[in-house]
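Shown next, in structure tokens, is the structure this report addresses.
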Amino acid sequence: MLEWVEKYRPKTLKEVAGHNEIKEKLKKWIEDHIKGKNPKPIILVGNPGCGKTTLAHALARDYGFDVIELNASDKRNRAAIRQIVGTASTSKSLTGKNILIILDEVDGISGTEDSGGVSEILKVIKEAKNPIILTANDIYKPTLKPLRDVCEVINVPNVHTNTILAVLKRIAKKENLDVDEKTLKIIAKHSGGDLRAAINDLEALALGGKINQEIASHLPDRDTERTIFDAMRIILKTTHYDIATMALMNCSEDLQTVEEWLAENIPKEYKKLEDIERAFDYLSKADIFLGRVYKRQYFGLWRFASSLMTAGVALAKDEKYRGFTKYSYPSVLTLLTRTKAKRETLKKILKKIGEKTHTSSKRARDDLELLKSIIENNLEMGAELVEYFEITKEELENIVGKKLASEVFKIINKKKKEKEKEKKIKEKAEKKIEVEQKETEEIKVEKIEEVKEEKKSKGKKTKKSEKKEEKTKQLTLEAFFK
Ligand SMILES: Nc1ncnc2c1ncn2[C@@H]1O[C@H](COP(=O)(O)OP(=O)(O)OP(=O)(O)O)[C@@H](O)[C@H]1O
């Protein structure tokens with residue numbers, strides 16, 4: 001059984017509500033392609049559920065194209081994209097039809113951990129001869145500029161409330177729902193231009209049986225927990241196996257979180273004790289499978305966990321509970337979120353202590369208790385240890401409170417200043433010695449130079465007199481022979 005968003009997804013451009021100008025642009029673009037003009041690829045940019053993917057599919061259908069749709073932000077898809085686009089550029093589809101390539105969520109590849117993603121998509125765009133439509137919620141991130149440069153950006157606005165209302169009316173009629181126009185208007189307004197959300201809300205409320213203005217006005221905030229509320233309502237309201245198993249299809253939460261949500265909300269929805277007992281029995285079995293999935297890394301068991309959690313819990317009730325139930329965020333998760341910062345800090349401190357003492361963080365816990373009591377009884381020693389473990393003031397505040405932490409850090413800072421002062425004095429003294437040493441060095445050099453000079457001039461003198469002596473000697477010999 002299909003979800004209503006799929007069941008009522010427009011097949012042709014004519015069925016797509018609103019967006020008239022965009023439809024014309026798209027038609028011209030694909031006709032240019034057919035004529036071989038090779039226009040730039042198109043990026044459809046808009047908020048979730050405004051109809052980007054629907055527009056692309058409807059266009060393909062209207063012009064007899066087959067569609068290849070891939071999620072661009074999924075790294076694992078990248079090789080497949082290149083391969084498919086590679087073949088698609090040279091051949092038609094197996095049915096002999098032209099191919100339109102849809103690359104979904106291109107804005108999902110802008111993360112720093114996936115910096116090559118954009119250039120890979122650019123390569124794909126360059127290679128492909130088939131028309132490509134990219135979709136994105138936000139294309140104005142700087143990392144996506146190269147894509148904007150090579151594509152034509154078409155902004156798809158949110159769907160107008162009146163248009164949404166018209167779609168909801170049509171669906172309500174086809175599903176034989178007993179609902180008045182005012183209630184549908186509340187649902188339409190609440191969706192904030194997200195037609196998918198509006199259809200999901202209508203479907204979820206219909207599962208509850210009764211839809212009226214009072215119930216519609218209690219719809220959970222769309223901006224926050226969007227799909228998990230839908231999933232809860234579908235699982236807890238339906239008594240159909242296949243509807244229940246589809247409930248998590250568009251849900252971005254992991255199974256462990258869904259489990260917490262169900263544990264919190266089963267008693268809110270189910271009234272009979274036997275139903276609650278059975279539902280928790282299935283949930284606990286799902287938990288066992290889930291535990292084994294993570295422990296043994298055996299992902300084949302995942303589907304059992306998922307089915308027990310969805311269909312198991314759904315079929316645990318004898319019959320549907322009619323009426324609206326206000327689901328709430330799991331208290332366990334609220335508590336964990338509230339204490340998250342504190343737990344993170346504690347982890348950091350234990351890691352620091354463990355690194356210095358070469359012990360596990362379990363053992364470091366005992367050391368931390370000891371450190372606390374030292375700080376309470378001997379501030380000086382406590383300060384020394386805190387400095388040694390390199391614990392920051394904010395971290396210390398978490399374990400001994402603000403007052404004690406600030407006293408400890410007063411001591412640490414005072415010591416730091418003293419050390420700095422000592423360091424400066426030492427540096428000054430060292431500089432003085434250095435200068436003195438340099439001066440004596442210079443004097444030494446000067447003296448050596450003087451001595452050298454003296455020796456040189458003495459040497460010259462003796463040489464002169466020696467030469468003179470030799471001359472006189474030679475003269476005497478000459479004179480002698482004469
Ligand atoms: N203009 C529309 N006319 C009729 N139905 C629409 C329209 N826009 C959206 N819908 C409905 O909402 C559903 C979701 O639309 P679609 O998948 O096209 O949204 P999207 O803009 O691609 O969202 P996302 O960014 O989350 O992928 C469709 O299956 C269809 O049922």
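Numbers here mean position along the shown chain, with the first residue as 1.
Every residue, even glycine, has its Cβ placed from backbone N, Cα and C.
Sequence annotations record features per position, and here TrEMBL assigns domain 'AAA+ ATPase' to 38-160.
Sequence-distant neighbours of G46 (ATP binding site) (same chain, 6+ apart, CB under 8 A from its CB) are K52, N137, N155, V156, P157, N158. Positions annotated as ATP binding site by TrEMBL: G46, N47, P48, G49, C50, G51, K52, T53.
As annotated by TrEMBL, region 'Disordered' applies to 451-482.
The least crowded of the binding-site residues N47, T53, judged by other CB atoms within 10 A of its own CB, is N47.
Apart from G46, N47, P48, G49, C50, G51, K52, T53, the ATP site neighbourhood in this chain, defined by C-beta within 8 angstroms of the site C-beta centre, holds T54, T135, N137, V156, D194, L195, R196. Shown in sequence order, N137, D194, R196, A197 are the residues of the chain, 6+ apart in sequence, with a C-beta less than 8 angstroms from the C-beta of P48 (ATP binding site).
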